[in-house]
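Report on the following structure.
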Amino acid sequence: DDIANYKGPVNDSMPAYVRAGFVRKVYFTLSMQLILTFLIAMPFKAFLSPSWVHSHAYLSQVASVIAIAVMIGTMCCCKDATRTYPGNYVFLLVITVCISITVGFLTAIYKTDSVLLALGATVMVFGSLTAYAKYTKSDFTGMGPYLMAALMSLMGFGFVLSLFSMFASVPPVMQTLYALGGTLIFSMYIVYDTQQILGGRSIELGVDEYVFAALNLYLDIINLFITLLQLMGQREN
């Protein structure tokens, strides 16, 4: 492993092969996550009816809670586990499987055309933003606190909508605003996380944080796909 013995940050002063090896490892790990998500989520859309999905929606909620609990617990109590083998891959596998189940439940309630449209849009947006993050001279890595504030605001708005939906129907315009806000925020996160991975900016990731880097981009992509699906998709009858 070319980067196994290198512990410094990712920047222009490191050997070129170390930087390239780190980036390659991040995107390979990300690719494996996305393939696993496709393999897990596809049967939900192909073989399960929307009525079954609705009646078993609690399974999606359980999977989401497990993923969040594992992420918070690991980051708070044993963050070093995300930097060392095999704990980092176990951590990543558990989260990826749980999120994939949630994605499977969500796609099952939307029409196939809508899912494919959202998927295509996600690929185009991710590719465009990755190129922009690489070639722009602007440094977005210092925007972490602002992006976190925007994300917390979005989560608060989503929580209010969830409470409101228990007593009345949520106006479509509010759902559209929520999805649009999520699309913008996660698009910005893609640029932010990509620049931290590529290095040469004010904030960079260490080369032992490839699992953490891959997870960040994975969450950005999945959340972007979900918000685009909510924004453009039509649900099954």
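Placement of Cβ uses the backbone N, Cα and C atoms for every residue, glycine included.
Keep in mind that TrEMBL annotations are predicted by a computer and have not been checked by a curator.
According to TrEMBL, the features are:
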- 26-46: transmembrane segment (TRANSMEM)
- 58-77: transmembrane segment (TRANSMEM)
- 89-109: transmembrane segment (TRANSMEM)
- 115-133: transmembrane segment (TRANSMEM)
- 145-167: transmembrane segment (TRANSMEM)
- 173-192: transmembrane segment (TRANSMEM)
- 213-232: transmembrane segment (TRANSMEM)
Which stretch, 26-46, 89-109, 115-133, 145-167, tops the Cβ pairs under 8 Å count with the transmembrane segment (173-192)? 145-167
Please give the sequence-distant neighbours of the transmembrane segment (145-167): residues at least 6 beyond its ends with Cβ less than 8 Å from one of its Cβ atoms. 174-175, 178, 181-182, 185, 188-189, 192
Look at every Cβ pair spanning the transmembrane segment (115-133) and the transmembrane segment (213-232), keep those 6 or more apart in sequence, and say whether at least 3 of them are under 8 Å. yes
Go through the chain and flag residues at least 6 beyond the ends of the transmembrane segment (26-46) whose CB is under 8 A from any CB in it; none is fine as an answer. 53, 92, 96-97, 99-101, 103-105, 107-108, 112, 115, 197, 210-211, 213-215, 217-218, 221-222
